[in-house]
Amino acid sequence: RALRLAGGRSRCEGRVELEQEGTWGTVCDDSWDIPDADVVCRQLRCGHAVRAHGNAAFGRGHGPILRDEVGCQGHERDLWECPADLEHDCSHKEDAGVVCSEHQEWRLSGGRDGCAGRVEVFFRGTWSTVCNSTWYEMEATVLCRTLGCGDALQRPSFGHTLPGKMVYLCGSLQPSLAQCQWTFNKSAPCYQSGAAGVICNGTGS
């Protein structure tokens, strides 16, 4: 009864994959909607669904297509409880996906390209800035690498002008900032902070 999201930028975004008898398969997007996606997000402890995607938005999966015409009400504990067709007329170009509220993605804005600028994080449906109170070499390097921009060269400071504030603290070189310790919209760690920035040594598209 295992469930995972694949092809996304964090464990809380991606193509829905289920395990059945040791084989991983996908879900067809026919009638795939927010209540279905909500059940997936809650089952993975990823909050609630922000978007329900079809048409293999996170790439085409492999293996069997295990569910079609999924009809969750939204309150079910896991996806297996929802009514669904086991027979299908789908192909992997119709694989269903979700974006959950606990998913995080990042961008650098206001710099010369996508590898320099103020750090902004998309979380719980809105873009926010990052406090520089714990924005050290480690955190900056994790982000540069996640963005495919190499390593961190400089950490300039900016002003906070977005609604939310995020704090990251990485004890080691994690695959992404979402896997470091983080706190969102708590005033104490952000007190008198500037908005974090970074200039990476690579260049982005």
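For all residues, glycine too, the Cβ spot is worked out from N, Cα and C.
Just so you know, TrEMBL annotations are computer predictions that nobody has curated.
According to TrEMBL, the disulfide bond annotation covers Cys72-Cys82 (among others). On its own chain, Cys72 (disulfide bond) has Pro35, Asp36, Asp38, Val39, Leu79, Glu81, Cys82, Pro83 as residues at least 6 apart in sequence with a Cβ closer than 8 Å to its own Cβ.
Residues or ranges marked as disulfide bond by TrEMBL: Cys170-Cys180 (among others). For Cys170 (disulfide bond), the number of other Cβ atoms no farther than 10 Å from its own Cβ, over all displayed protein chains, is 21.
Residues or ranges marked as domain 'SRCR' by TrEMBL: 3-101 (among others). Per-residue confidence over the domain 'SRCR' (3-101) averages out at a pLDDT of 95.
Positions annotated as domain 'SRCR' by TrEMBL: 106-201 (among others).
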Discussion item. Within 10 Å of its Cβ, which one of these disulfide-bonded residues (Cys82, Cys180) has the largest number of other Cβ atoms?
Written reply: Cys180
